[in-house]
Amino acid sequence: MDTEREALQCTAYPEVQSFCQRHGLAFEVVDLRWGIPNTQATDYLTTELCLEELERCQKTSIGPAFVALLGDQYGPCPVPRRIEEKEWEALRAQLTSRPRDLELVTRHFQRDDNTIPPTYVLQPSGSLVVPGPEEATLTSVLRGGAQEAWRLGLISQEQWMCYHRSVIEWEIELGLLSSARGDQGATVFLRDVQDLNKHILDDCSLKMVDRLVDGCLDTNAQSLLSGLKGRILDAQPGALKSHHLSWSRDLVNPKNKAHARYLKQLSEQFVARTNHQVLEQLRELELARQELGWLYQEIRHHLWQSTESTKVFCGHQELLAQLRQQLRQDESRTHTPLVLFGPPGIGKTSLMCKLAQQVPELLGHKTVVVLRLLGTSKLSLDARSLLRSLSFQVCLAYGLPLPPAQVLEAHSRVGHFFHTLLHTVSQRNFESLVLLLDSVDDLDSICHSPRVSWLPLKCPPRVHLILSTCSGQQVLHNLQQTLKDPSTYWEVKALSGSQGQEFIQLLLAAEKRMLSPGQRDVLWASLPECGHPGRLRLAFEEARKWASFTVPVPLATTAEEATHQLCIRLEETHGALLVAHVLGYIVSSRYGLSEAELKDVLSLDDEVLQAVYRDWTPPSKELLRFPPLLWVRLRRDLGHCLVRRPVDGCMLLAIAHRQLSQVIQVRYLSGPERAKRHGVLAEFFSGAWSQGIKKLITLPLVGKPLNLDRKVAPQPLWFSSTVANLRKLTELPFHLLHAGRLEELKQEVLGNMSWISCRGISGGIEVLLDDFDMCAPHMNSPEVDLVREAIQLCGPAVELRGLEKSVLYTELLARLLFFAASHPAMIGQLCQQAQSWFRACPYPMLVPLAGFLQPPGGPLRATLTGCHKGITAIAWSLEEKLLVVGTQDGAMVVWDVEEQQVVHVLMGHTAEVKCVRVFAQGTLAISASKDHTLRLWSLLSGQEKVTILDGGSQNPTEPQSWDLHVDERNNVVYSTSGARINMWNLETSKLVFCITGDVSDPWVCVALLAAQGLLLALSKGGQVSLWSSAMGKLQEKHQLSSIKEETPTCAVSIQSRARLVAGFSSGSIALVSAGEDRLLEKLPEAVGFLVVSEDDSLLVAGFGRFVRIFLADSQGFHRFMASDLEHEDMVETAVLGPENNLIITGSRDALIQVWSLSEQGTLLNVLEGVGAPVSLLVRGGTLVVSASRKSSSFKVWDLKSTKKLQSPTPFLDRTGLAAVSHHGSFVYFPKVGDKNKVTIWDLAEGEEQDCLDTSNEVRCLEVAEQAKLLFTGLVSGIVLVFPLNSRQDVLCIPPPEARKAVNCMSLSKSENRLAIAYDNIVLVLDISPGDPCPAIEGPTYTFYTQLPETIVSVAVLADYRVVYGMSDGSLFLYDCACSKVFPLEAHGSRVSCVEVSHSEQLAVSGAEDALLCLWDLQACRGMFEMSYENSCCRGVRCACFSRDDKHVFAGMEDRSVTAWSTVDGTLLAVQFVHAVINRIIPTSNGFMAPTSHGYLIRERFQCPSVRASQQDPLKNFKKAVWLVKTRQREELAAAEASQDAEPVAVEGKESKSNKRSQVCLIL
């Protein structure tokens, strides 16, 4: 059946493989007789291995496990390899009468007394004299003896069958006839050649039937074959697939059309049958699928591994007893985790597994035991996956809510959740929890970080954490740096000599083996007093192969020597080259290789194939593969040296023992060999030689190059639209890197958008970043660094919408387009790939045409989110590089900012944390909370050292100030809360003194003047008090003399001058000291905060939207700059740079502004906070953390960060008034620090081109693109018009009434009408062509709204109709020509924008209630209400129509852009742009919009005429709801019914000609 097998291999197997891959399944064909000579194919060992492989297939395959090709040959009957003693005696008794036959049998078999019971073992034929022709064959002799013994009842029928069954019948019996699955996993393809019996003697049929040695037909074999076919037909008719062929002399000739047709039908039927079986099993699995099936599979895997590890357990009883006692002692107290350590192979794993089995008996049957043998499965390979699976299992075990999706999206949050979960479990005070994590040194990340950030340094009561690791490794050192208590560490020592011998005996007994006394002597002599279980197991692996007649050789005395000895034995048996390459590939792989992958890789290795086919030629002229039998033989001899681990949906083989891996590295992967192994693996996982691509090779017996198909698995990125090739994604970058193929790595992986999106979507952003982190240090490529940072910046958008292609492509394209031209090799190619994907995308999509999102290379270091409420306090531990965060829910979280990981979750406070101070060289922190406790923490151990009940008012509504002052020299802390000052001794936790003030006049601030030994306090009523800081004795009390009738709002101490600077409710700043006070400055508004520099040379005062800087002098402080620093919203906080050359300020509008003090307050940068008011800015070195009370996230900024690659400088508009001209070449906005001027920003150059003086504050801006005019509406009510081609000329439009500020303006689509809106007045003017600039005439019409509310948005049409929206949500259409108003249905809140379509048939209005309304202006009625709500932020900021009026684009309050259909109101696309946009301008194919980040969005909107699935791009959009309501109502009645709201027309059309006098020309 060779032609059939080759046909299936060439055509059927690849098709089934692709089918399985599309369903997320691996497909492996096991045909051990392919590629080897017939003498090996019929070898007794081959038969045994075939049956073993069949059993393995039945255990692992969910679909077909067995396929038989049955023709007209029954095949040879193999001789049993082993015959048990009782059966041997029965056979021998039947042969006593035939001495020659008996002598033949005894010559081939030798007794082995080392088996239990003893057996007779067939000896290899090469060691025997070949029997003469007169002797009966061994097979026939044994058959005769078995026949007689069975007849006499001495052996069973099953034993009799062992001598009469051929290989094919053995396999069909095991694979089909005796299988519990029946025909569900098995198929027999039967080839029936008609009229064959008529041609049985023809030469051409010699190979088609069984024949005897003399060439005669073997009738016995043919009879057995007929019986086998009958059994199959009777027992499993559904599994039998018959193919009837007519006889012909060239039946097996490939050129025979009938035969070719048969082969085609066979292949098609094989594919159909196999695919059907796979689908049937998939349906059953789907019905039985559990929601958390992945978790249950993980748990089962580790339990099975545990059972295997403890099958033979010996020794360590004393250590187990000590561990049990320690667990009992720790049960009711806070304690450190336990760490078991010892050299590799000492028995740590079996000890951990044994302890896991004994824990329930020790701590109670309700104890929850969670065991992980790390590194043995995909979910235990890295800390991120490990914590995820542990959290799920613990939550399930205790009936707690499962981790939410937001937690699982970031490793830092999973770590925080895990820490919190342990405390939650402890507080239940019921069931104990024991976590056992074996081999933490096998975690991917733990070796590379000096701090094990995910590890809880203290376990709460009833929670136990036990780890094991190897001694002498970097991991143990890292653990010792994290867990510093010596009692944490328990050494696992070697067994005693007697225990070592007992261990060997137990291993032999488990295998039903024993040793002869002489062999035992040799074994013990080789292992004098050896108690190392790993070494003992290696010795056992050698000794268990000894038969009683084997003369043993001395074994190696050390584990390393024994490992080398094992390799030598394997090389002698299987060939040095094959062993070196097989083991080299397994060790070189990232996590291991599946058997199918290994066989494919060996089929690509020319050196291996040339060695294999040295003595015979391959069976096929079309394809070349590695003979799988050679691998199975080697795998069998490797035995326990290999371990199977489930990874990426496959069962991978890896080296079980670290010692063996190290020896393989030294022995087989030194020098260039390592790069060669990685190179072949890279070729395989890249798919370079798959899908019919042939590879040249020269085989020894051929002598000429052969170009043959290696038939290896294809390696696409996606097997189907939902199934990614995880194995390729995991392995390829690793092998390209270590093969030194860095350019290929850059082009095909790190610089390939298809790769990036596939890796990100299938594994998540953090897995994608891990790949970049692995490769970047070896590449020295700024481009790679930029792409990595760009991916990291995608985080917020991914959390909002989920990681799907459109999000990732948009995010990266909009960030990397800045660098596409300057770096075309990698970034340019990435951008082109993204653009090509967008062009082919069948869904409505917003496509970036230029960079507009924050580019990589900027100051943002990280955005971190914890599992807690808003952040209320932050402190740095610079020495330990830690950040301590206090939160509203009382949690204290310690972050390693560099690793971006949670180090500790400090649980103790039950209410909001108000204040945190770090001291003792960054090792201790003390916190104050609304729960009126002080808690002292060790930042190294995470342990709470002291709890102090600090007292204070229990009235939650009473306004109080909290503060802490640590005096390290005296080891005391001063806590202030309301009207109480307490001094506590940190060593004894004793109260030293308590100062109680007037409850009705609490202290606003208290300063510790350490140098003077004073406490200085300022009360709400302005009373100054001084006490001795040592004894708390009152020394002075007086009322402020310089400030009257003002309340203190904030204060800061000036330690170098022993003074206090206080801010007051009416803007006063006073300098307060012992015995005196004086007014320092009077600010226009209440002082919100005060900040002083580290050297006391600068003072910062925040008031309203402004910040003022003061410089220290001999008298106190004087103003540093003439102008104040200005925000657009209330300034909340500020911090000074490390050298006083920068100041960073934060405001309620979530913006952070960076100013240069060395350049007199020049604004350097505007940064986006966390989307909530910036309430905290804290600096540590050059890093600044920004946080908010309303967000659980915080951002880390690097002040010294310089741009890695130059990108355009953003324009610094903070007003949201930016206007755009010249098709996006120039941007106009009020000048920073001087709103009486308008900055003209050149986007191409990234610099200010000019500045226009308006003499008054600018309130709004509009650009007439065609007319080239800039309209500036001022707070004075004047509108200045600047011709853009001659900016020295200015037109002035005066206001209708004095001191009325311009609220908004609008131009008609044809730019021939201008509407200017004030609070309740609208002017409509005409714009007509003129020379040198257009003429502005009018106002042609003026009307009043007659409403108390103000106009906030306006739009004008060419026919003098005006649509305007009010502050209360009202919306009106006013026809100036006929002086009529048409009320449109009101919004529920302030109207934020009104826009008219280009045809002026439609209008769209947006409001702060997130509602967009589409209006038919001809019928004056609503068409659609389109609502879009985000759970965090609601509202519409701006909108516009596309040029063809088919779509509406809207800028939303949640920093996203939406696209809607005007035909049916459908939401077509949503794009998160990270920034607020206040204006959208339509372009020919999309829109452009200036952002609050200072970039101009340019996007193309592509909307296929037939939308494939209009909601598909929105399927993952989280936390948002959109709704469309169709409006069906009659046209509105005439406006008489609402005359009270009708505007009053002041000027009519006829007055148009005499209005020019109101416009003056300024030269």
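Note that the numbers count up from 1, one per residue, in the order the chain is shown.
Just so it is clear, glycine is given a Cβ too, placed from its N, Cα and C backbone atoms.
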Point to revise | Segment assigned the feature region 'Disordered' in Swiss-Prot (from 244-273, 484-513, 1534-1563) | key: 1534-1563
Review point. Helix, strand, coil residue numbers for the repeat 'WD 8' (1168-1207) per DSSP?
Key: 0 helix, 17 strand, 23 coil
Revision key, fill the gap. Should one count Cβ atoms within 10 Å of each candidate's Cβ, the binding-site residues Gly342, Pro343, Gly345, Gly347 would be headed by Gly347
Review point. What residues, ordered by sequence, lie under 8 A Cβ-to-Cβ from Pro344 (ATP binding site) and sit at least six positions away in the same chain?
Key: Cys470, Gly534, His657, Arg658, Gln659
Check your understanding: If you count Cβ atoms within 10 Å of the Cβ of Lys348 (ATP binding site), leaving out that atom itself, what do you get?
Key -> 23
Review point. Which residues in the same chain, at least 6 apart in sequence, have a Cβ under 8 Å from the Cβ of Ile346 (ATP binding site)?
Key: Val492, Lys493, Ala494, His532, Pro533, Gly534
Review point. Which ones in the same chain are close to Thr349 (ATP binding site), with CB under 8 Å and 6+ residues apart in sequence?
Key: Ser309, Leu373, Asp438, Ser439, Ser468
Practice item. State the residues, same chain only, that lie 6 or more residues beyond the ends of the repeat 'WD 5' (998-1037) and have a CB under 8 A from a CB inside it; answer 'none' if no residue qualifies. Key: 953, 959-961, 963, 965, 967, 969-970, 974, 976, 978-979, 981, 983, 992, 1043, 1046-1053, 1055, 1058, 1060, 1062, 1072-1075, 1077
Study note, to complete from the structure: In the same chain, residues at least 6 away from the ends of the repeat 'WD 7' (1126-1165) whose Cβ sits under 8 Å of its Cβ atoms read 859, 1088-1089, 1091, 1093-1095, 1097-1098, 1100, 1102-1107, 1109, 1120, 1171-1179, 1181-1182, 1184, 1186, 1188, 1197, 1199, 1212, 1214-1216, 1232-1233, 1492
Review point. So what pLDDT does the domain 'NACHT' (336-666) average out to?
Key: 89
Practice item. Take the repeat 'WD 12' (1386-1425) and count its residues per DSSP category (helix H/G/I, strand E/B, coil), listing them in that order. Key: 0 helix, 23 strand, 17 coil
Study note, to complete from the structure: Three-class DSSP assignment, Ile346 (ATP binding site), comes back as coil
**Study point:** For the repeat 'WD 7' (1126-1165), the number of residues DSSP places in helix, strand and coil
**Key:** 0 helix, 23 strand, 17 coil
Revision key, fill the gap. Apart from the site residues Gly342, Pro343, Pro344, Gly345, Ile346, Gly347, Lys348, Thr349, the 8 Å Cβ neighbourhood of the ATP centroid comprises Cys470, Val492, Pro533, Gly534
